[in-house]
Amino acid sequence: MADSNPLLSELNSVESEPPVLHHKHLPSLDSRIERFIGDFGWAQFLQASLVSFSWFFDAQQTFITVFTDAQPTWHCTQLNDPHNSCNSASNVCQLPQNSWAWDRPRHTSTISEWALECSPSLVQGMPTSAFFMGCLIGGLALATLADTSLGRKNMLFLTCLVMSLSTFLTAFSSNIWIYSILRFITGFGRATIGTSALVLSTELVGRRWRGQVGVIGFFCFTLGFLSLPAIAYTQRAHSWRTLYFWTSIPTFLYCIMVHFLVRESPRWLFVQGRKEEAIATLKHMAPINGTTTKTALTSSFFSNLSFEQETRNVDLYSAIKVLVKRRWAFRRLSAVMAIGFGVGMVYYGMPLALGSLDFNLYLSVTFNALSEIPASLITVVFIDKVNRKTSVLVFTSLSGVCSIMSVLKGIHPIWTTIQIVFELVSFFSACSAFGVFLIFTIELFPTCVRNSAVSLVRQAVVLGGVFSPMLAAAGRVNGRFLSYGVFGVVVGVFGLFVVCLPETRGRGICDTMDEEEYKQRDSCLYNAVASDV
């Protein structure tokens, strides 16, 4: 009776294979899971969508200081006084306190509420820098927890919870120092949200839909980015604290949904040897049809499943050690981290530098956020049609060229508009490169170290973001080339590292380091034979 079921036949064939056969000759875990649950179903779609929605709240906290820490506008209050030198070109720090006033109430920005308008740029930018430093340190400290002890789901839940609580407490900050500390904690908490969500959502589906599912998170990030100018505009007359309050409550409610509704990755559960939980997840997602039923997925069928568990019973940072130990893995990791640094500098830097433009701040942020939508659409449409290496190279080069072009000065007044167009094209290209680049990184590393590798790459992206506020501030004072010009040079040069990476389009993902290494060797052998022929 068991032999009449294709699922049981496959499992029996796996269990009956001689143990002397090497791991590479066994059906991969990737192919078995796809056989059980199919490429894509409604259960997988709902799970992936719920997981990816964490990017919505991630985007809000990433760019919220664009509005809460904005430099407020001001006006002169003694226009008829002949001894008053106040005018629109004056420096408020050199004017008498009673000769000027803020256009809006003092509590609308941290700059005006805490009288930071004459403070050094380092102090004014401290909250943003603290946030990115928290992201960097948090990403390094939590890099491998999702691959080892916690798993993807628990990591996503805990990081979202920390981010929501610290965001809520930020609304009660009494000075710039407490504010910066809480922003650091928020950055520390959100450091692995995007990584855990991206890896978990893509591990729930088959290879055919992996790229499309990964892009769901990018859409959610765009929606979160777009929600900021809308919320900020409606609350423009209220305290900056309301932005933190109204973004923390929905995040906390989302944490509750993740805890009760999201399933752990069955691939990670198998790698950890937790077969019972993996089977329960597969049964939840498996389609009901004539050949494969949920009742067929029982523990006995997996009792003798041969699978190499490379990350069990080892220390916390074993995944990083494995990545550094294998030469091919270290070469890939170095290249993708270099690319991530260049992309991150543009991706985070351009929105932070929008205050130096002559456009309305709300519209500028909205236009940049809207440019992420076509970037995500392009990723969805072309992710299975264009090589990863070609896409990343083209987008990083285009971003670099347009970023440099945006600092060039022209005589005709229309050149100001053209500069804005170049800025938007550069940001759009960086967003497109970021989307393809993350999918590319997922496919370059096996399941046992995938979350750690993606986390390290995202920290390289954040490291680029750490330098962005300083460059944006320098560009406002000493000319745009120190911001947009440097952004363009860095992303263009570091994007060239993609030529060092193998192409991954259309291939299956591996689950162990050995499996990935065997696949690489087989590919090299095939290419060598083909060239000889």
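Backbone N, Cα and C atoms are what each Cβ position is placed from, and that goes for glycine too.
Database features (TrEMBL):
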- 47-503: domain 'Major facilitator superfamily (MFS) profile' (DOMAIN)
- 125-143: transmembrane segment (TRANSMEM)
- 155-178: transmembrane segment (TRANSMEM)
- 184-201: transmembrane segment (TRANSMEM)
- 213-231: transmembrane segment (TRANSMEM)
- 243-262: transmembrane segment (TRANSMEM)
- 333-350: transmembrane segment (TRANSMEM)
- 362-383: transmembrane segment (TRANSMEM)
- 390-408: transmembrane segment (TRANSMEM)
- 420-444: transmembrane segment (TRANSMEM)
- 456-475: transmembrane segment (TRANSMEM)
- 481-501: transmembrane segment (TRANSMEM)
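Between the transmembrane segment (213-231) and the transmembrane segment (125-143), fewer than three CB pairs separated by 6 or more residues in sequence fall under 8 Å, so the two stretches do not touch. Highlighted: of the candidate stretches 184-201, 243-262, 481-501, 481-501 has the greatest count of Cβ pairs under 8 Å to the transmembrane segment (390-408). Beyond the ends of the transmembrane segment (481-501), by six or more residues, the same chain brings 331-332, 334-336, 338-339, 341-343, 345-346, 349-350, 353, 356, 388-389, 392-393, 395-397, 399-407, 423, 426, 430, 433, 440, 444, 464, 468, 471-472, 474-475 to within a C-beta distance below 8 angstroms of the stretch. Between the transmembrane segment (243-262) and the transmembrane segment (456-475), the number of CB pairs under 8 angstroms, six or more residues apart, is fewer than three, so the stretches are not in contact. Tertiary proximity for the transmembrane segment (125-143) is limited to same-chain residues at least six positions away from its ends with a CB under 8 Å from its CB atoms, namely 61-62, 65, 69, 110, 155, 159, 176, 179-181, 183-192, 195, 317, 319-320, 348, 352, 452, 455-456, 458-459, 462-463, 465-466, 468-470, 473. On the 0 to 100 pLDDT scale, the domain 'Major facilitator superfamily (MFS) profile' (47-503) averages 81 in the predicted structure.
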